Every structure is written in C-alpha cells, then in structure tokens.
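Colleague: Below you'll find the structure I mean.
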Amino acid sequence: MLKRKQSSRVEAQPVTDFGPDESLSDNADILWINKPWVHSLLRICAIISVISVCMNTPMTFEHYPPLQYVTFTLDTLLMFLYTAEMIAKMHIRGIVKGDSSYVKDRWCVFDGFMVFCLWVSLVLQVFEIADIVDQMSPWGMLRIPRPLIMIRAFRIYFRFELPRTRITNILKRSGEQIWSVSIFLLFFLLLYGILGVQMFGTFTYHCVVNDTKPGNVTWNSLAIPDTHCSPELEEGYQCPPGFKCMDLEDLGLSRQELGYSGFNEIGTSIFTVYEAASQEGWVFLMYRAIDSFPRWRSYFYFITLIFFLAWLVKNVFIAVIIETFAEIRVQFQQMWGSRSSTTSTATTQMFHEDAAGGWQLVAVDVNKPQGRAPACLQKMMRSSVFHMFILSMVTVDVIVAASNYYKGENFRRQYDEFYLAEVAFTVLFDLEALLKIWCLGFTGYISSSLHKFELLLVIGTTLHVYPDLYHSQFTYFQVLRVVRLIKISPALEDFVYKIFGPGKKLGSLVVFTASLLIVMSAISLQMFCFVEELDRFTTFPRAFMSMFQILTQEGWVDVMDQTLNAVGHMWAPVVAIYFILYHLFATLILLSLFVAVILDNLELDEDLKKLKQLKQSEANADTKEKLPLRLRIFEKFPNRPQMVKISKLPSDFTVPKIRESFMKQFIDRQQQDTCCLLRSLPTTSSSSCDHSKRSAIEDNKYIDQKLRKSVFSIRARNLLEKETAVTKILRACTRQRMLSGSFEGQPAKERSILSVQHHIRQERRSLRHGSNSQRISRGKSLETLTQDHSNTVRYRNAQREDSEIKMIQEKKEQAEMKRKVQEEELRENHPYFDKPLFIVGREHRFRNFCRVVVRARFNASKTDPVTGAVKNTKYHQLYDLLGLVTYLDWVMIIVTICSCISMMFESPFRRVMHAPTLQIAEYVFVIFMSIELNLKIMADGLFFTPTAVIRDFGGVMDIFIYLVSLIFLCWMPQNVPAESGAQLLMVLRCLRPLRIFKLVPQMRKVVRELFSGFKEIFLVSILLLTLMLVFASFGVQLFAGKLAKCNDPNIIRREDCNGIFRINVSVSKNLNLKLRPGEKKPGFWVPRVWANPRNFNFDNVGNAMLALFEVLSLKGWVEVRDVIIHRVGPIHGIYIHVFVFLGCMIGLTLFVGVVIANFNENKGTALLTVDQRRWEDLKSRLKIAQPLHLPPRPDNDGFRAKMYDITQHPFFKRTIALLVLAQSVLLSVKWDVEDPVTVPLATMSVVFTFIFVLEVTMKIIAMSPAGFWQSRRNRYDLLVTSLGVVWVVLHFALLNAYTYMMGACVIVFRFFSICGKHVTLKMLLLTVVVSMYKSFFIIVGMFLLLLCYAFAGVVLFGTVKYGENINRHANFSSAGKAITVLFRIVTGEDWNKIMHDCMVQPPFCTPDEFTYWATDCGNYAGALMYFCSFYVIIAYIMLNLLVAIIVENFSLFYSTEEDQLLSYNDLRHFQIIWNMVDDKREGVIPTFRVKFLLRLLRGRLEVDLDKDKLLFKHMCYEMERLHNGGDVTFHDVLSMLSYRSVDIRKSLQLEELLAREQLEYTIEEEVAKQTIRMWLKKCLKRIRAKQQQSCSIIHSLRESQQQELSRFLNPPSIETTQPSEDTNANSQDNSMQPETSSQQQLLSPTLSDRGGSRQDAADAGKPQRKFGQWRLPSAPKPISHSVSSVNLRFGGRTTMKSVVCKMNPMTDAASCGSEVKKWWTRQLTVESDESGDDLLDI
C-alpha cells in the first residue's frame, strides 16, 4: 500500500553535497580541518554544548553553584574550537567570493550563526557572574537558539546517496501536501471557532454566595465544586438556595483570573477548539456549556467536534504523513537497508527433528569453531530437550518473580523465599552460559546476537543477587528474562522480527524523537527558566518531563495553562502558539512516522505479492472442495438410498431394487425424448405436448443442450484455427504497414498512453500466438540476439503465468463441482440429509411455503428484454436499500430497534419487572423472534442442513439472545440481588442490539474484517502484556510498600500518622484566584491515614499490571510519575518514562499499524502490487468524477457572453472567495442584541448580502436560469443568497435576537461554500465525505456496541455513589447518560478514574442483600472486565479501523502529474471535451458520437488516426458492443479509456484480467471480421468496375432496355444480414449518398454523416447492421446544394430516415471542420480555468 507512489524514474546523478564536513580541497593550507578525528571531536563538542546550555539555568546554579563555573569553562573551550574552525573554513573557501564561499554555503552559515550564539551566551554569562545582569532577567532568552547545535552532531547520518533534484522534489511535494492539510485543519478550526462564538460566547456566569460584592470575589465566595450556571430560568443549571448566578467579569475578575479557555472571541475560540480536538479536557468544557446554555447545543457541538475534528480531520493528517513519507522511505531504502534473513550469510540450514517428531530447518554454521567439551555434551546442548528444559526454567522463574508481593512493614525483606529462588535460578542460567561457552568456544558463542543478550542477562543477574544490589536498578536484568520466552512460539518470533525489521529504521526514529525532545526541552528551558511562579521549567529534568508530557498528550493543557498564567496576558498568545505548534508536530507528524515505519515493515515485497495472490486463490479453491463438518458427519453412517416402492403389485412378483432418483431421471428423460419426437411429427405434436410436464421453453433448452454436445468437438477445433488465422493476418498487416514507412512524412510526436498500451498488447499477443517473424521498427536496425532472447524468456514467463491462472480457474470450477456432487450424493444416500429437524420432508409443501416467506425480498431492478442489462430507475439507491435484506429480516430489524428504544427507558428506578408498559416491547420481541426462528428452521434446518440457522457464530448468537430473552420473560424476577445470577441474566439481555449485526450483511462484513485479523491483534496483545509483565515485576520488587504515605503532607513517619488535620478542598480547575492576606482556602477536618494512592499501587503483580494497563492508554501516568518521584526518589521517574515511551511510541502505534494492515489484507489490498493498487485508486477516483456542470458560452459576443466571461474569470472567483471570508470575519464576536457593536456588524453583513445577490444575478444572466440550475454549487449559492435576502427583510422589520441568530446562520452557511471554491479543500472534504460513507457501518457498529455497554452499565453501575468522576453529569443512572459517559471513555477522557469510582466497596458504601437498586456500591470484578474490554475494543480496534478507511480513501486524491495513470489534468481535459460533445448536459451521448469525442481528445489520451487506426476501431466497437448501439454515459467512456491506458497484465487482478482479456479478444476478432468484410466489398467494387469497362459495348447496345427495366429492379447491394422492409423502402435515400474513401466511411464520421446514427425505438426488434457493415452505393446522381440547417447543428440527433444530406461532401466536411475548430477554441478559452474548481462537483 505504501510503496505505490514511488517515482518510476531512475536518475543517475552524483550524490548530494554533504555539507561543510566533507574534504574541502586537496591542496588546502590548513590540513587539520580535514582530519576525521577533528570532525568527530567537533560532533562531540556539539553534544557537550547542548549539555552545557541545559545546565545553564538560575535554579540549577542555586542547587549546584560550581556548575556556573563548569559551564563557563566548557563554553569558553567550545568557543575557541568552533571559532578556529570557522576561521579555517573562511580561509579555505573565501568569505564572499567564489562559488563555494563561506556565505554561499547554507551549512556554513548555520555553523557561523551557532558560533555567534555561543559568543553571545558567553558574554552574557560574564555579565551574570559579575552581577551586572540579574540571572532571573529575560536576557537569558538570548540562549534559545543554542540547543540547535545538536543538528551538527547528527548531520553525518543525513548523508544519503540520492540526487539533489530528487530530494528537492520529495521535500517540495511533502511540504505541499502537509500545507494543504494544515489549511484543511484551519478551515475546520475556523468553522467550529465561529460556531462556538455564536452558540456559546462567554462562560463567566458562576454560582456565588448571596452576599458576594463586586471586587471581593474569593475562593470562599464560590460553590464547592465551582459550578457554572445560566441567568435564563428555562435553560442550563439553576443555583441552589443560598447562591445566586452572577457574571464574575462584572464582579471584577480579570481575564487572566477567569482562565484563557472559552468562546469569548474568535482567537480564544480557535484556541479552545484546538484544545478540545486534542481530546484532552473537552468533556469538562461540555459540562460547563451544559450548565450555562441549552443542553442540546452542547451535545450537538462537542460530539460533532470530536467526531469531525478529532477523528476524521486529524486522521486525514495521519494519512497525508503516511502517504508523503512513503516515497521518502522508499528512496531511503538504500540508507536503512532491506530486511535480511534471520541467519547470517555464513550459516547454512539443515533439517532437524524437533521434540514433537516433526522436522524444522535449523541454522548450522559450518565454519563455527568447536569448543573443547566432549561430543556427548555438545549433542545434548544442541538437542531440543535441552532447549525446552531451559525455556521451561525461564517460565518457572518468570512465574516465581511474578508471585512476589508486599508482605507488610515488619517482614525482613533480604532473605525471603523469593531471594533464595532467584539465587538458584541465577546459578542455573550461569551454568547454562558456561556450558554453551565450553561447547562452542567463546568466539563461537559471542558471534550470535541471541547469545550476547543471554550473556548480558547472566552478568546482570549475577550482580543482582549480591545483597546490597538486590531490589535496585539491577532488577531489570532479572525481569528481562521473560523476553527469552518469545522463542517458544515461532509465529510470535517471526512477527516480532517482521515488525521491528532492520534495527536502523525504528532505531533512527527513536534517536530522532529523543533528540527532538532534548532540543525542545532545552529551548523551553531557556525560554521560561526566569519566569516566576512557574516551576515546570526551572531545571532540565523538569523541562524534559513537561515536554514529554505534551508529547503523550496527557495533561498537556495543564502545562500550557500554567505557563500562560505565569507569563502574563501580553505574551500568552505567543506562548500558546509555541505549545500548539509543538503539540501538533509531536502528536501528528511524529506518531504518524512511527505508524508509517511499522506499516512499511508489515508490507510484503513486490515479488511475493503476485505469488501470494495465486496461492490464496489456490487455497480458496481447496477450501471450497470440502463440505462443513456438520454435513460430513452423514458420511459416517451407512448409505440408505430411497428405493422404488410399487404399492399396487401383488406379492408374487419380486421388484428389483432400483433407486428412486434413478427412476425419476429415467421417467423425465423418456418424457422429454417422447415429447421432442412427437413435436417433429406434423400432426400429433401439439396434443402430445399438452400432456407433458415440461413447458416448450424447457424442451428447447434440452434440444439445445443435445445439439451443443454433438457439435462441441468440431467447434473447438475450428475456433482455434480461425482465431490463429485471423490474428496472424492482422499481425502481418500491422508489420507490413510499419515496414512500408507510411508515417515517414509526419513529424515526430510523443505517443499517447493509449497508443503505447495498444502496441504493448499487440506485441504480447503476436508472441503468444507464436508469430516468430522479426519485428523491425521504423528508423532502427534489427534487434540484437540477446534482446531477442530476453523477450522470448519474458513471454515464456507470461505464458507460464497464463497457464497457472487457467489452472487455478479450472481448480475452482472442479472444487465447486466436487462440492455439489458430494452434496447430491449425501442427499441421495441419506434420507435424513437436508430434512429440517429430521421431520419436514425436502420438498414438502410446508417447507416450500416457509422458504418463500423467509427468502422473499424487494426487487425493483428492471432488465432490458433485448439486451438483458439492468436498467437504473430513478430511485434505485432507495430500492437497493429496501432490497438489502429480506422482508422477514426487515421486520425483525424494526422489532429489534423498537425493543432497544424501549430498553432505553429502563433505569434502576423504572425497571422492566415493575413497569407493564416496558413489558409490551419485551413480549413483542420474543413472539416475533419465535416466529422468525421457527420459519427459518423449517425452511433451512437447525444444524445438520446445508443452509442451517446455526452454521456460524451469528446463528449461535441468535439462538443465545433468543433463549436469554425467553428465560427472562418467563422468569421476570421481582427481586434481583447484586452480583447474582438474575443480575447476570439482565446483563446478558443487554446484548440484544447485537442482533442487528447478524441481520444486516454489511454489519456481518465489519465483524468478519475485525475477527479475521485477530491473530495479529492477539500477537500484539501478547507483546504488550510481556512488556507490562516485565515492568510490573520490576515495579513490585522496587516499589512494593514504598508508595504508601500519610495523607497529611507534613507527617513523614508512619508512627506519627494519627489524629486529625485540616485538608484543603479543590474548588475550581479553571479559575486562578490568589489568596488574600489572612484568607484560608475552604477545607474540613479529616483523620490521618497511612495508605497507598487511591487508584494504584505496586504491592502485587495484579495491581501493578492494572496500573500499567491504565498508563498504557496514556491516562493517569502523570499521577503515577509524580507519586513515584515524590515518595521513592527522582531517579525512579526514569522507570515510568521508559515504559510510557515504549508503550506510546511503539505499543499503541503497533495497534494502529496492525489494524490498518489487517484491514487492507481483508479487503484484498495488502497483496496488491504497486500497479494493481494504483489501478484500484484510479477506478475509485473515476467513480466520483462527474461531467462539468457548466453551460456553454453564449454564441454571440453580446451582453450575456461578456457576463459569462466575467463570471468565469479566475479573478472574479477569487474576489468572491475573499468576500465570503470577509463576511465570516464579522462573526468574530457574538451577535448579541444588547451589545452596541452588533448593529454595525449586521449592517455590513447586509451590504455583503447585496453583493452576493449581484453575483447570483450575473451568473443567471450569463448562463441562463436553466444553465445556472445545472450545478449543485450554484443551487446551494442561490439557496443561501435567498435566505440572506429573507434575513435582510426580517432584520429591518423586527430587529430582535432571532433575526440576529438567523443572520449568523446565513453567514455560517455561506462559509461552507469556501470548500467548493478551493480545489485542495474540496479534495480533502471529499476524502472525509467518502470515508464517512464507507465507514457508515463501522460507525453504526460502534454505536451498537456502545448501546450494549450502556444497557449493561445501567444494570451494573446505575446506583453507584458519586465520587471523583461519577457526578451529576457523568453517571449510569439512565441509558442516555450512560451513552454520554461511554462516548467520553471512547476519547479516553479519565476513563480509569470512572472505572475506580465504579469499583467502590464497603466500608465506603452502603450494601444491600436483596436488590441491586437499593445499594450504592460498585462491582470490582464487573468494573474491571467492563471498562477494560470496552476501551480495548473501541479505542484500540474500532477507532483504528476509521484511521484505516481514511488512509485508504486519501490515496484516491494523492495524485500527481508524475503518476503513470490518468492524472487530474487528463481528467479535466476529458471533462471539457465531454462538455463539447454533450451539449445538452444530459450526461449521456449516442454511441455514434463516441468517435467524434475520441478524435477531439488531445495529450496523453489522444488517438492518432494515422498510427492507431486499429485501436480507434477497437475502442468504437467496444462502446457499441457493450451498449448495443444505445446511449453511453460519461463513466462508460471514461472507464473504457482507463482500461486502454494501463498495462492490464500488471494492473488487473486475476478474475478481472481474465474477463478483460476475453472481451478484448472478442472485440479484436469482430473488428478483424468487419475489416475483412469491408476489404472484400472493395474488391468486389473493383471487379465490378472492370467488368463494366470490358462490357461497355454491350452496355451501350442495351442502354435503352436498361432504362426501362431500372424502375422494376433494385440496385444491387452486398449485405451479410437480411434487410427489413423498412430498410428497402428507404434504399433510395441511402443510394443518394456520395461514395467516399473507406477511411472516411469507417473512421471519420463527419458532422453531417449519418452512418453512425441510432435507430428509432420502432426498429429495436429489427436486425441492425453491425459497426462497419457499409452498403455499396449505386451510381451517383446529381447532388442539389440545398441543405437543412439541422445537419450543420452539432447536437442534432436526426436519424438517416428523417434528414438526407444533399450537399457536396467536401464542402460539408470543410464547413463542419471550421465550425468545430472555432467552437473548440472558444470552449477552451472559457472552460480551462486554472483553478480547476469544477473538477469534482460536490
């Protein structure tokens, strides 16, 4: 998938300039600068410089004063070194003069700038040491550029052997694509920013105590927690008694104190929208909006914002990065290297018997030096028993380490049983390593990378068992033993190797990420280290943690908000832009790079893809052969076929045993034969056939089959001979024409892609048919012998591929036949086979009735009685939807939906058991499902029938859901205790929405796509679990019992942790109020408790795994980090950072990569080669292309024509786009009736509205109303402008809040039209729209899963008490609220905290033994399973499917002019030509006009009639054949051109290739026949002319008799088809046409030539002349010069019968040619707008 965009050009150019580090010149004066050690020293100095600048902060010097002098010394040294290097380079290169002077080299300028920054930093530090400049002054910001010197350290690794032009092109294209998507993102940010301003405005109304006075707002004035409210009584939240709703801005709070997030004006609004789109803190914004404004506004705004911005638009960003960097990665393949094999080149492989008795390939190094161990030990060491013993010991060691737990404070930790076990295992693995070294020798042992890893573990674990180092950082070596277990599973080992590929690729990305983090941390450090009240950037470790936190997105908004508050109001916008740009780059581009690399590693090599396609086809054929196991079970029973029973014969006669099926076949055959025999007799045929069981049509079919069998062998021989002969004649003609040099006089011209592909096909077929004569092209000598040989080999390979394809096709047919035969045999030999429930007969009336009911479906597709083609009706999409499933399934879908709606009204306080109204839907569902299942079982059987109800997982699920519903309905328990069987039954009942998955075929497909790739997802899960286990074991050994602390921060020791203390309460996260003198924050007294953190601990492996699973989702890891640093030590912060980096960068991107790869594999795109993938993209792109909805320019040069020119001018379009943007800017502040600024803004909007009215009027005048209405965009503009006019009238009449709201709505609707005016925006919007359309069923599937979990959540957690995150907004008290909470969890917003709130257990809650709705306790095990499974399924798998679909659809629009297939320019050119031909804008043209269309095409689609006559004939005949001379659509012609423009051998897949080749062979044969027929007619003409010349004397003698006979005789005509009476009647008209050359007759239909016209509908049943069958005209008659004006009109569809051409053919052709030329020029000037805005009309 990712390699399909690589450029096909190979440039042989010198490698790129490496920058200033290469050798400057051989005769340089200063030689030391060229030494390699100097380059290495300078690179090390660059790293030292970064370290120095990271230490250079006031806080660091305060903690470690000597560092001030250390940094000064280092900087002085570096300054001298780099200055010397700069002077030396200037001396060698020259400063300004010369091509390679110092100033002209970019790298040299960069190095010089770094030296300048170093000087500035040093001078500044001198002033700081001398106390002339304060260390906390902003002058320190001058050091900001210094960390960029890190680039010098890694510049050496950017040496790539690629031509400079190639790199420039790649970077240019990448930049263009990223810029385009940035514009797209900006469009949506602007849209939602405007909507936010107008829908919400400010969030400044809060609940405050009644006695609050202006200027005296403190923490104690606010509600706890701080609550937003609405001043309007009907909407939002109303404050409780004792509080009033007040605007805090009116009470004197500044903007800085109120916080920066909100929708006050457009700038703040865009900032807030970006924060929400990062899915961090968006839900709290929504809750504020719900409290302040009407509820529906908040839900609509924020849910659509998350869906479009966070999921769709941002994923388009990921798609762009994957696509643009795909080409870079392909070019850098030389630098990264390809995946080599697992064994080294020095090793060979041999078969070895494994433990299970099978054989496996084992690498054996023949050159490996043998150790000194005895042979028996060497044999033992190589045995599989020894290997499995060691792995089993590793497993036991891992289990023992995982069993460790915290045993209490008083337990002696040094020498417990776990320590002794660790010592024993360490000794065992030390002995294993010594044995291997003894057997292999140290050199042989160390040569394997696996042995190096084992030796590292042995040394580390040996040091670890030393008592002082036990429970230290050396524990890593112990827990890393688990990695050795990957060797147990070969599948897992291969998968790991495939994903991580060559270490260079992923390793270079990790190094790049780490370097970026260090550089950005150092920059931020120097930017903010002097800011007071900001402790996040005081030292380098703190700065690094903050920037890393932004990279992972967890709490990044808090980092930004704290910094904004600290820097003050003036610098806040600059700081916000800095953090947003860093966040954008880190989260989108950097993470996308990891996904792209993993996808590239999962990509198959090109040469393997076609092989895999063939193998897959073979495998499919093999699987189709076998019947399912449930049917094969009948083969175990003895055969008991049904015998003939004759009831009326006496017992004296013995009836032979004859199978009933044989007797039936015999009787049927006899009746058929008798009927057919009697039919041939003259008299009795009708009477005898009346008594026959078969109809006349069936008899005809039977005779037809008999005849076909009889002539089959003769026909097969004749067909082959005929095809070979015709092809040989055609190829010989082509070669003769090429050799005769018929094209000598014409200038050389670049051939079109159609011509190139046509000649490729000709060459291929000529070789395939065994034509061995030499092919000599014009102007070239004979081919050399080697080239001939390579051609022969190539075409032999093609022949072999052909035979493979045919073999697979035959195999498929045989498998299908075999399967049918097996089924028929079982049906015949086993009387109970295919009998539902072993009771209902196979052909029983009741079963047939059930079948009719079950399989009845809506079918509105009408077929043409003549052609058999399906006609598209007006509402065919609606009809297709109705025909999607059967009527019975539609009924069940409706019943299931109604039942789910009824379940939505259930809650713990309104239960189905006690609410009769809710039971109605329950009864209806069970009754309808009973009827449905009974009908289906009677029609198709339950289990042991071919089409049984239970034949897959869906059937099992149906029966399960039915049984659960039935049991619940019968039982209907009145009291349901918590955690009981009845509650479990209620939870299982919540699976009811999953029925829709089974009923809708597309939903089943989604599930299939999900589960067919389950193996890879399972392997990724194992890898992540292994990673978690390693870190969990380490965490238990280091942090068990150490995280517990007293809740009073002033108490350090456990024995002092008693009594009570006052704890402060957190009031608000958003407000930044400062405490007044003497004021205390609100708080209350609580007892002191020594306890673990609330949400996590590392006291045992289970709890540690849960904590790390939450961290893996990047939620809550900041709290874990802070607790570990605060309670164990700062050095242990490395632990959680390493885990998050591995989990976030590699673990989660692995999930994304694997889900995308599986999606492609299931869709069949993973195995597609580059060419096949491009072809699929092209087909999808052409599907959504439409004809230009642009009417033609008016004929004359009058007023309308001038208007047309003005409205179509690019300047006019850009002006209108700017006016739309200008009007949208008017919505930068909220339009409020009470605000005085609203009136002038509305007045300006009125002016803009009148301008747009003028624009629409001009367009209507220019295009005419009918022409204007053709374009959907014009219709949309007209609608918006009409609404604008209505608004202007209402605004001046009423002038109230509603008119202002309507005005804002009109402007927002107008803002949408920007997308249509910008090509890139339109393309990307189409990507999103097409992705939404294609992912519709995935989104529906997500919603159904959400619904199931919501219903279950109401049952399990409906009454849980409020906690940290379960509150009045987020709870499970009803299905609606549960859906909102689950949608929040999908975005990952604090899902782990909600889970812990739902785990609450006594004594922190009130239990109840009898009913679950009377308790406010949670369910620990239920919450664990519920939330973890939901988060994994939705967030890790389903959302990544959305990414996969968007990545796939984006490739449709990632088209460049370098692409070999049809580009946008080609498509645009075709649209313009189509508009010329389809002058009525109907989207269809008659078949005869296709010739005219093809002749007008230019550029890459041009068909040169002089060189490619045959191709032209093929294309015209293809259109006639496929559409039977009827109308052809825009897409029909485009599809034909696309097939002709590609090499079908490379681009088409198996089935499509076979069908296409068959069609092309047929067309070729038919055209050949027509060509021969026309040639024969010409020969006959010549013969007749000669005969007439030789018989001129006789002719003159009989002239008088001839004149009298001419009125009775028709002129002779040579026809292959029998002419109808109507044709004979019109023969006079036909004979009046003048005789023209054969080329004009076949290939050059002029505008007046009616030869290609369609016949009328009345002639549909009559035999038509095929393409190329031209009647010989009789002797020419005098031609009158009168001509109908209709004939000169291009769009006229007059048939041959209605209009007769009566003018000179040469004059006619010339006049029409000049008219077309004028028309072509006019259309080209008007319609070739450089903006390409109508390329794809939405």
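Note that Cβ sites are derived from N, Cα and C of the backbone, with glycine treated the same way.
Taken from Swiss-Prot, the feature topological domain 'Cytoplasmic' covers 1-36, 91-106, 159-173, 323-382, 440-447, 493-502, 600-886, 940-947, 1004-1015, 1261-1271, 1319-1331, 1448-1738 (among others). Annotated transmembrane segment per Swiss-Prot: 37-57, 66-90, 107-129, 383-403, 503-530, 570-599, 981-1003, 1016-1039, 1237-1260, 1272-1293, 1297-1318, 1421-1447 (among others), in sequence order, evidence recorded as experimental evidence. Sequence annotations record features per position, and here Swiss-Prot assigns topological domain 'Extracellular' to 130-137, 200-269, 404-416, 469-472, 564-569, 907-915, 973-980, 1040-1104, 1125-1129, 1228-1236, 1358-1378, 1399-1420 (among others). Positions annotated as disulfide bond by Swiss-Prot, on the basis of experimental evidence: C207-C239, C229-C245, C1046-C1057, C1405-C1417. Marked as N-linked glycosylation site by Swiss-Prot on the basis of experimental evidence: N210, N216, N1064. As annotated by Swiss-Prot, region 'Disordered' applies to 762-785, 1611-1678. Marked as coiled coil by Swiss-Prot: 795-830. Look at Swiss-Prot and you will find 1633-1648 tagged as compositional bias 'Low complexity'.
On this model, are these features tucked inside or out on the surface, and what's nearby?
Modeller: Only residues 6 or more beyond the boundaries of the transmembrane segment (37-57), in the same chain, are considered here, and those with a CB under 8 A from a CB of the stretch are 21, 67, 70-71, 74-75, 78, 81-82, 85, 118, 121, 125, 140, 143, 146-147, 149-153, 156, 518-519, 521-522, 525-526, 529, 538-540.
Note on the transmembrane segment (107-129): residues 19-21, 49, 53, 56, 68, 71-72, 75-76, 78-79, 82-83, 85-86, 89, 93, 135, 139-140, 142-143, 145-146, 148-149, 151-152, 155 of its chain, located 6 or more positions outside it, place their CB under 8 angstroms from a CB of the stretch.
Within the same chain, residues 58, 61, 124, 530, 532 sit at least 6 positions outside the topological domain 'Extracellular' (130-137) and bring their C-beta atoms closer than 8 Å to a C-beta of that stretch.
Under a cutoff of 8 A between CB atoms, and with a sequence separation of 6+ in the same chain, the neighbours of C207 (disulfide bond) are L222, A223, D226, T227, H228, C229, C239, P240, F243, K244, C245. The DSSP secondary structure for C207 (disulfide bond) is strand.
The Cβ of N210 (N-linked glycosylation site) lies under 8 Å from the Cβ of G242, F243, K244, each of these being in the same chain and 6 or more residues away along the sequence.
Remark: N216 (N-linked glycosylation site) has L251, G252 as non-local neighbours, by Cβ distance under 8 Å and separation of at least 6 in sequence. Taken residue by residue with DSSP, N216 (N-linked glycosylation site) is part of neither helix nor strand, so it is coil.
Here the Cβ of C245 (disulfide bond) has 21 other Cβ atoms within 10 Å, regardless of which shown protein chain they belong to. The DSSP secondary structure for C245 (disulfide bond) is strand.
With a threshold of 8 Å between CB atoms, the same-chain residues lying at least 6 positions outside the transmembrane segment (383-403) that come near it are 352-355, 418, 421-422, 425, 428-429, 432, 478-479, 481-482, 484-485, 487-488, 1029, 1032-1033, 1037, 1101.
Across the residues of the topological domain 'Extracellular' (404-416), the predicted structure has a mean pLDDT of 71.
Applying DSSP to the topological domain 'Cytoplasmic' (440-447) sorts its residues as follows: 7 helix, 0 strand, 1 coil.
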Colleague: Sorry to bug you, but what's the C-alpha spacing from N1064 (N-linked glycosylation site) to C1046 (disulfide bond), rounded to the closest Å?
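Modeller: Cα-Cα, rounded: 15 Å.
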Colleague: Take the C-alpha atoms of N1064 (N-linked glycosylation site) and C1057 (disulfide bond) and report the distance between them in angstrom, rounded.
Modeller: 18
Colleague: How big is the Cα-to-Cα gap, in Å, between C1417 (disulfide bond) and C1057 (disulfide bond)?
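Modeller: For C1417 (disulfide bond) versus C1057 (disulfide bond), the Cα atoms are 29 Å apart.
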Colleague: Measuring Cα to Cα, how many Å separate C1405 (disulfide bond) from C1057 (disulfide bond)?
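Modeller: C1405 (disulfide bond) and C1057 (disulfide bond) have their Cα atoms 25 Å apart.
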Colleague: Using Cβ atoms and a strict cutoff of less than 8 Å, what residues sit near the topological domain 'Extracellular' (1358-1378) while being 6 or more residues removed from its termini?
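Modeller: Distal contacts: 283, 287, 290, 903-909, 1094, 1347, 1349-1351, 1384, 1390, 1393-1394, 1396-1398, 1400, 1405, 1412-1418.
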Colleague: Run through the Cβ atoms and count how many others sit within 10 Å of the one on N1064 (N-linked glycosylation site).
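Modeller: Its Cβ shell of radius 10 Å holds 11 other Cβ atoms.
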Colleague: Using DSSP and collapsing to three states, where does C229 (disulfide bond) fall: helix, strand or coil?
Modeller: coil
Colleague: Any idea what DSSP makes of C1405 (disulfide bond), helix, strand or coil?
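Modeller: Note: C1405 (disulfide bond) is coil by DSSP, not helix or strand.
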Colleague: So if I exclude everything within five residues of the ends of the topological domain 'Extracellular' (1228-1236), which remaining residues of that chain have a CB under 8 angstroms from its CBs? That is, six or more out.
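Modeller: Same-chain contacts beyond the ends: 194, 197-198, 201-202, 263, 265-266, 1242, 1296-1297, 1300-1301, 1303-1304.
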Colleague: Report, as numbers and ranges, every residue of the chain located at least six residues beyond the transmembrane segment (1016-1039) whose Cβ falls under 8 Å of a Cβ in that stretch; write 'none' if there are none.
Modeller: 398, 401-402, 404-406, 471-472, 475-476, 478-480, 482-483, 485-486, 491-492, 495-496, 1098-1101, 1104-1105, 1107-1109, 1112, 1124, 1128, 1132, 1135, 1139, 1142-1143, 1147, 1150-1151, 1154-1155, 1157-1158, 1437
Colleague: Taking each of the disulfide-bonded residues C229, C239, C1046, C1057, C1405 in turn and counting other Cβ atoms within 10 Å of its Cβ, which one has the fewest?
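Modeller: Fewest other Cβ atoms within 10 Å, among the disulfide-bonded residues C229, C239, C1046, C1057, C1405, is found for C1405.
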